[in-house]
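Take a look at the structure set out below.
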Amino acid sequence: MNWNKGGSGNKRGFGFGGFAISTGKKEEPKLPQVSHSAFQSASSKYGSTSNQLPSFYKIGSKRANFDEENSYFDDEEEDSSNVDLPYIPAENSPTRQQLRSKTDSDSEEDPLEAFMAEVEDQAAKDMRKLEERDKEKANARGIRDDIEEEDDQEAYFRYMAENPTAGLVPEEEEDNLEYDSDGNPIAPTTKRIIDPLPPIDHTEIEYPPFEKNFYEEHEAITSQTPQQITELRHKLNLRVSGAAPPRLCSSFAHFGFDEQLLHQIRKSEYTQPTPIQCQGIPVALSGRDMIGIAKTGSGKTAAFIWPILVHIMDQKELQPADGPIAVIVCPTRELCQQIHSECKRFGKAYNLRSVAVYGGGSMWEQAKALQEGAEIVVCTPGRLIDHVKKKATNLQRVTYLVFDEADRMFDMGFEYQVRSIANHVRPDRQTLLFSATFRKKIEKLARDILVDPIRVVQGDIGEANEDITQVVEILPSGPEKWTWLTRRLVEFTSTGSVLVFVTKKANAEELAANLRQDDHPLGLLHGDMDQSERNKVISDFKKKSIPVLVATDVAARGLDIPSIKTVVNYDVARDIDTHTHRIGRTGRAGEKGVAYTLLTSKESNFAGDLVRNLEGANQYVSKELLDLAMQNSWFRKSRFKAGKGKKLNIGGGGLGYRERPGLGAESSEHGTGGNVMSNYEAFKPSGGAMGDRLSAMKSAFQSQYKNHFVAASASTQKTGTSSINSGAWTSAGSLSSVPSAHPPSGKLPAEAAPPPVHTAMLGFTSSGTLSSIPTGYPANISSASYPAATLFGARDGASAGTESGGRERHSDSKGRHGDSHRPSDREGYRHGDGHRHSSSSRHGERNGGEGRRESSRDGRRDSSRDGESRRDGSRDGGEGRRESSRDGEGRRESSRDGDGRRESSGDGRREVVGDDGDSRKEGTREAKTDTFAIPVPPKRKKSRWDS
């Protein structure tokens, strides 16, 4: 089979006659293609017709022929497709519907529809988010989403719970930046935080037994009675608490020390034990745990060092790998060195070794000394923990543990370290805590490491030493402190060494530099100095090579330098406890000292604490300091109020009961009783406080209601209570009783007209009971036996023969307490009340003391001339009621009117004399008509008192 390209008479196709191809267009001859390639020969450029191409280009043209062959088959397929057309069903035919459903299910998803679906889904999501936000905004007030989330504070608490030692730095650390000589800030070097010792299981360790009770009472102590022991403790100002504390001693011979220790004590110039030593040493020798609290310079150090020596000498000697027997823990390096020197002084009598372990010293030297063996280790908490972790020593042989200045260690953040040290020591150890101040919170923490402790307190907790004279200088501003110090520094150095306290390290360096410029030789001590420098400064200060030492609070505790005579608080302390320790550097061991504190007007907060500290130490408090302290609100509120106290109004009704004026309350100037016994009866004890008072109040309100709310008609007969105005109100608020019966009209002669004789006290007693008033009058009483002034006798029980001034005083009292305090009543009292100008006094002036009988006769005659139609036999309140109903004058109708009370007792009718008495009497009646009984008062007649 041959392939025929066609052309000159030859048919195109394969060389078999199976099919024929229709003739098409004649193929046009191909134009010669001009090649622009670089392979074209040079001859072709010059009109050569021969087409010379590279071999690979010819291959390419041959490929083009193959493409033509392939197109032939494509044309054949197109022709065949036109012949065999697919079946296309008609519209709406079942086959078309099946094809549609099939194509819909089998066909791929349209991209546009997929994109639109995505857009709709995203829009729906956005709408849902917007709706949720709207709901959150609507409920934002009632719902807090941050409750479930951990805020900064909760994160801090969680972090502190997971890291209990985080952020615990000594108190002497300052946050301020230090600067070099060029003024560039020095990066602060933070101290390494010391982790506490890990817990230890003491049940897995077998400790050898030891003895800790070495105290035997002296015969002189045993022979003392408990009362003598109590008196001695009171004399020494000691307070001891705890289970079975041992008796205190009063001499070194009572302690039972051997001759070697006593010789060393005498060599140290000790003459007699201090109060804390008198009680503390017996407790320590007995093997008991103790909390010792005493003022600075009271000998606390010797109180635990001497028992240590006795305790150590009873135990076996140290082996090469053994640790110490006694450990003394203190907060500062200076205190550590000082206690170490004391231990060496007293320990050399027994050839005992002591090692001081503190921060800043050579770690290698301290570890070498510990490995060689030492019975006593005086340390700071952090450095001891370092040596224990590095296996330089161990605490298995420790049986005597002392924490000096325990509250200071807890305040400095050493609580966890202190607890870990105590937990690493055997549980049956002996533990002692000493301090000058001991807050209750720190005491509670300290009791956790003690077993049945005995608390020994000398003086008040945190009080200042009375041997120290404290002087407080109040200056207007800070620069004035410098002027004050430079003027007095030479005077201070002439008496002894001077210690100047400054709060901040930068201020201490600045003050020291300024003093050096003024040619004052001094030393500087603060926490950022190297330990060698600090040791050299303290050594020079003790040797008196430098008279002045400027220091921060690192020198405030435990620094025992006897040459210090003056302490100057250039800056006030952070708290009053630090102030107590500051001034305690002087006046030690019974010596006298002076402490100056410089205050400015801005430091009123500390002034309040300072006032209490001075008062507790019996020091003088200046008026300027007290005024400055009073500027502080908490001190002003908590300060006691000096001066006279408020007088309590204590009546028969109970504490704070105040008698109401205008209701017949007793005055302090006038008595209402007729004799002395009546006043005494008013203060009879009541059977029940609340019961009597309640009943008295009920009766008082009931009587007041009946007195005030009466009939409006003047002709209405008044009830008995409306005219019972002679009974005064008692302190319990009750009304007095009145006679229950009256003598018949006309039985008594006109001259006699006596009042009730045995009217003891017009009112209730303090217990709310009725006073004794007779229920009737005697049948025949002469006027000479019962004068008119009997009812209104003085408090001392004056008889009828007293002068008329008594009537005048009582009339004044009735006018004050009986009348109402309304303006109308006061006006009537002022113009028409004749009680202050009673007829008895005026009649006494005219007749030279004729007596009250003539006054009463004249009064009765005058009253009869006025047409008041009084009956001679009736002298009580009943006549007053009938008389007021006839005359239409409401003089006796109101219980508030003092005239009604006076005339119901039968006395007011004898108060008027002559015409003057008539005018006064009528004016009184007309002025007293402003009551509830008569709504419209009548016109008042003009009297002589109107002018």
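Quick reminder: no glycine exception, Cβ is built from N, Cα and C everywhere.
Listed ranges 105-133, 192-220, 250-278, 743-771; the one Swiss-Prot annotates as motif 'Q motif' is 250-278. Range annotated as motif 'DEAD box' by Swiss-Prot, chosen from 144-147, 164-167, 404-407, 588-591: 404-407. It is 731-754, from the ranges 563-586, 707-730, 731-754, that Swiss-Prot records as region 'Disordered'. Segment annotation: Swiss-Prot labels region 'Disordered' over residues 176-200 (candidates 176-200, 526-550).
Within the set of binding-site residues (Ser298, Thr301), the lowest number of other Cβ atoms found within 10 Å of a Cβ is recorded at Thr301. All protein chains included, Gly299 (ATP binding site) registers 20 other Cβ atoms within 10 Å of its own Cβ. Helix, strand and coil content of the domain 'Helicase C-terminal' (484-629), in residues and according to DSSP, is 71 helix, 27 strand, 48 coil. Listed in sequence order, Ile276, Gly280, Gly292, Ala294, Asp404, Phe434, Ala436 are the same-chain residues six or more apart from Lys300 (ATP binding site) with CB atoms under 8 A from its CB. In this view, Gly297 (ATP binding site) is surrounded by 22 other Cβ atoms within 10 Å of its Cβ, with every protein chain counted. In the structure as shown, the Cβ atom of Lys295 (ATP binding site) sits within 10 Å of 27 other Cβ atoms.
With helix defined as DSSP H, G or I and strand as E or B, the motif 'Q motif' (250-278) counts 17 helix, 0 strand, 12 coil.
For Ala294 (ATP binding site), other Cβ atoms within 10 Å of its Cβ number 27. Following the DSSP three-state reduction, the secondary structure of Ser298 (ATP binding site) is coil.
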